[in-house]
Amino acid sequence: MVLFNALAGESLAMAFPSALCIFSLLALVQAQSESQQPKIQLRLAGNKRKHYEGRLEVFYNNEWGTICDDDFSILAAQVACRELGFLGAVSWSPSAKFGQGEGRIWLDNVHCTGREKSLAECPSNGFGVSDCRHSEDVGVICNQKRIPGHRFINTMNNNVETLEERVEEIRIRPISSHLKRIPVTEGYVEIKERGKWRQICDEEWTPLNNRVVCGMYGFPGEKNYNNKVYKSLSMRKKKNYWGFSVNCTGNEAHLSSCRLGKPLELKRNGTCGRGLPVVVSCVPGRAFAPSSSTGFRKKMKFQPLVRLRGGSNIGEGRVEVLKNGVWGTVCDDNWNLRAATIVCRELGFGSAKEALTGAKLGQGMGPVHMNEVECSGFEKSLTDCYFNNDALGCSHEEDAAVRCNIPAMGFQKRIRLSGGRNPYEGRVEVLTEKNGSLVWGTVCSENWGMVEAMVVCRQLGLGFASYAFQVNLPIKVLTKCLSYADNVVMSGVRCSGTEMSLPQCLHHGKHISCPKGGGRFAAGVSCSDSAPDLVLNAQLVEHTTYLEDRPMYALQCALEENCLSSTAKKNDHSSYRRLLRFSSQIHNVGRSDFRPKLGYHAWTWHECHRHYHSMEVFTHYDLLSLNGTKVAEGHKASFCLEDTQCDEGIQKRYVCANFGEQGITVGCWDTYRHDIDCQWIDITDVKPGDYIFQVVINPNYDVAESDYSNNIMKCKCRYDGYRIWMYHCHTGELQKKNCVEVLPGQFKSH
């Protein structure tokens, strides 16, 4: 074959000498043009909330500069993102969305076809030729997945420390004695480059680098480790070092966002001077810390000043801050990864992977406590950061949220759904140890409810539960499923709703007892990535409370619907009942509409009031003694769920008239006026004194919500036998002043 090719080439040269000259000339011109291309380097900078987005900057002629948004397109963004080591671009942003840059505007009127290997190959006005201002700096959002095998090539002669190395993957590799520990908190830091795992030399390694590595793996802190063990191991094993050192500031979301240090000078024997492979030892948050007895430590009861609400998964949610005993939100002005990371670390997670704006995880209620937050990145709490107390102009449409890095706990590997119509639903099956081996089995559905289903969906990473049910599968499907997991392996499950996995809930352990809820009636769930969230307007309750003495002849319908105390049944029509009346305004601040659990066909018709009940019990109204004992109670049947009023720009969807659909739309609220039947508590038999007034929405968890903790409202109440005073109304549990009162100096503001 070689001989044939040689002869063919010789004969071609003799027959077409001019053709070969042309081909050679074209190849020479192409090679010269490639060699004459400007050498540039790209980076993402500015007010970015993710490591794969930001203002696009170019390093040219030993100076960093920006790119003008004139004629920029998604094709140019694709070229830039691939040059940065990402699979491609998701979108691009004009008008300095990620903040205005400084220095030169290197490129303007960039036109790319999308096939170029570098932005330098795309036609433009030329480097430094621009009539733009930095208010026109372009930004890009790249696909967060990196190109497999992509290798960063340093094209600059100087300022190597300002460049970013693009790597495929980073891991913490534990030594053999730590392999079974979950989560992995200690081990060698290794980088995957061109398909091979490599160690990092620790000569230039700093504690700030440890902070970044631990943060990206979901750990809030780092600690010292036994250096002798790793030194001994490194002496015995061959090492394969990465070619650079790393220089982090401690605020990066990912190690690949750190700047490069100097190139590594490896010796012939593969060592890095006097250095050894980098090892990190991370400190897990209290919820993830392993213990020898239970596997994981139970959450200690402490009162942080920050919490997350409305998130579908562990470590994400709307940021809420406690100030003077009242929870409020944070405005998203200047909200960035640095501030978000402070929140994540404060709550026992790692660094933030996203800083979300625009109420993407739902709108809160109440005050906006913080605005224009500025953090250095090393504060212990968000309340230690500087911020503006004045939140004028900030609405709950601007509530800030976070998504945090969390440790890899392996929860998803020990649970699955089977037999469903899609991956989001099915019978719950758990992996458990039986007779020395791991087997799949079902969960008993006795007392199985929405709270338990919420834990399952969270463990699977599927968001919120939309239904909790006893699985009654068709025979064909059942036969197929039961052949794999037909035994009940978990029973008596009772969850609080805060657990990260089903085994953390109370259950029977090895002593299984399931007389009615096994086999084809095992526990099942249906999950959803969004859910409603109902919150009662506490201030309206406080401002509309009053007493009314009403005759029994006007309360017959209420008596039939059990809206009066049991003693009312003995009264004649001429007697009176004393009613504690109030208005309630129930907002849906979640991310999906609140709909009754039952459809039209299952609604109950009540002849007396001439209406349908879509939920038999929608709220509980109770008057409690100071020790929590009920002294008077009443329930509010949900005879009509509708959109009484909505935020600006949101259309009403649910109206009860003419047997219409019932529900509460996201961003709307349902108002029950004080003069509606059953909108009261019967306090006829209550003695004067101090009490707690309590309202609980969706008390039986009949409908899934993203947050049940805000379904309760409590007020302090004083009754003297003639008048009543309602004060200190709070959504959620009443805060104990000695635990949560914010002291002077705890909040710093501009």
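Every residue gets a Cβ built from N, Cα and C, even glycine.
These numbers come from a predicted model, not from an experiment.
TrEMBL annotations:
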- 1-31: signal peptide (SIGNAL)
- 42-143: domain 'SRCR' (DOMAIN)
- Cys68-Cys132: disulfide bond (DISULFID)
- Cys81-Cys142: disulfide bond (DISULFID)
- Cys112-Cys122: disulfide bond (DISULFID)
- 172-283: domain 'SRCR' (DOMAIN)
- Cys248-Cys258: disulfide bond (DISULFID)
- 306-405: domain 'SRCR' (DOMAIN)
- Cys375-Cys385: disulfide bond (DISULFID)
- 415-528: domain 'SRCR' (DOMAIN)
- Cys495-Cys505: disulfide bond (DISULFID)
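Ranked by number of Cβ pairs under 8 Å to the domain 'SRCR' (42-143), the listed stretches 172-283, 306-405, 415-528 are led by 306-405. Neighbour list (Cys132 (disulfide bond), Cβ cut-off 8 Å, at least 6 residues apart, same chain): Cys68, Asp69, Asp70, Ile105, Asp108. The shortest Cα-Cα distance between Cys258 (disulfide bond) and any of the disulfide-bonded residues Cys81, Cys112, Cys122 is the one to Cys81. If you compare Cα positions, Cys375 (disulfide bond) sits closest to Cys248 out of the disulfide-bonded residues Cys248, Cys495, Cys505. Around the Cβ of Cys375 (disulfide bond), a 10 Å sphere holds 22 further Cβ atoms from the protein chains shown. Per Cα geometry, Cys81 is the residue among the disulfide-bonded residues Cys81, Cys248, Cys385, Cys495, Cys505 nearest to Cys112 (disulfide bond). For Cys505 (disulfide bond), the same-chain residues lying six or more positions away in sequence with a CB closer than 8 A to its CB are Glu452, Val455, Val493, Arg494, Cys495, Ser496, Glu499. Separating the Cα atoms of Cys248 (disulfide bond) and Cys385 (disulfide bond) is a whole-number distance of 21 Å.
Helix first, then strand, then coil: DSSP counts for the domain 'SRCR' (172-283) stand at 26 helix, 33 strand, 53 coil. When Cα-Cα distances from Cys122 (disulfide bond) are compared across the disulfide-bonded residues Cys81, Cys142, Cys385, the shortest belongs to Cys81. Non-local neighbourhood of Cys81 (disulfide bond): Leu87, Gly88, Ala89, Val140, Cys142, Asn143, each in the same chain, at least six residues away, with C-beta under 8 Å from its C-beta.
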